[in-house]
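Contents: one structure, followed by commentary.
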Amino acid sequence: MKSVQFCFLFCCWKAICCSSCELTNITIAVEKEECRFCISINTTWCSGYCYTRDLVYKDPARPNIQKICTFKELVYETVRVPGCAHHADSLYTYPVATECHCGNCDSDSTDCTVRGLGPSYCSFGEMKE
């Protein structure tokens, strides 16, 4: 019986450690209104789980701050969106995460909502790879 409990605890520990906050490859839709269509690009972003807790009894004197998996370091890359009008700026700059950590959500630079539009959302019907 003790070996079963040990195996269970070990599997739980392994699941938590292996699903930590880390870089992951994602595909995002890039669009420029002047170009009237979207392109898909590959980039890296942070994904995974962070230790957090939600208290049953809320204490107004002690705010409940949830940690999220977010970027620690960013670089920016630029891509040219094809098909833009000659007078339009066809360059699009997007963030690429280079390091991740568990921290507070910075609403100035991150969509902190429960459900955002998602990285593959496109306002236009046409998507180019």
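Including glycine, each Cβ sits where the backbone N, Cα and C put it.
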Query: Cys21, Cys35, Cys38, Cys46: which one closes the disulfide with Cys84 in Swiss-Prot?
result: Cys35
- line: The residue that Swiss-Prot pairs with Cys122 in a disulfide, chosen from Cys21, Cys38, Cys46, is Cys38
Task: Please name which of the disulfide-bonded residues listed here, Cys38, Cys46, Cys84, is nearest in space to Cys21 (disulfide bond), Cα against Cα.
output: Cys46
